[in-house]
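*Asks:* Summarising the annotation, TrEMBL assigns compositional bias 'Polar residues' to 76-94. As annotated by TrEMBL, domain 'CHHC U11-48K-type' applies to 8-35, 42-69. Sequence annotations record features per position, and here TrEMBL assigns region 'Disordered' to 76-104.
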Amino acid sequence: DVLDPERLIQCPLVKHHLIRARRFPYHLVKCKESNPEIAKKFATCPFNARHLVPWAELSDHIMKCKDKAFMEQDAASRSCQPPQEQLNNGSTWQAPPCGEDWET
C-alpha cells in the first residue's frame, strides 16, 4: 500500500538502506549529509523532494513524475480566482496614514 507509513522504501543514495516510509524524508537529509560525494550525483525532483534521481535522468523524471499533475492542478485552481479576490481575499483593511517624514 502506497499510503502505509510502515512500508519499507529503498534509499536512492545507498541501496542497502531500507527505511520506513514515515522516516524517509528525515533519512534523505541525513544520508545526503553523510554521503556528500554520492549526493552530488543526484538531483531533487522539483515536484517532490522525496524523489532523488541521477542528474542524467532528471528531465525524463520531470516529464513522467506523478506529482507533477498535483502541482499543475493546484496552480490551475489558484489561477481560477478573480485577480481582485487573489489580492485581498475580501479584506477591507487599509494601511493607516503615516505622519512620519524621514527626510526631516
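Using N, Cα and C of the backbone, Cβ positions are placed for all residues, glycine too.
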*Asks:* Which residue counts does DSSP yield for the domain 'CHHC U11-48K-type' (8-35) in the helix, strand and coil classes, in that order?
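*Replies:* Going through the domain 'CHHC U11-48K-type' (8-35) residue by residue, I get 14 helix, 6 strand, 8 coil.
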*Asks:* Do you know the DSSP helix, strand and coil residue counts for the domain 'CHHC U11-48K-type' (42-69)?
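*Replies:* Output for the domain 'CHHC U11-48K-type' (42-69) reads 13 helix, 6 strand, 9 coil.
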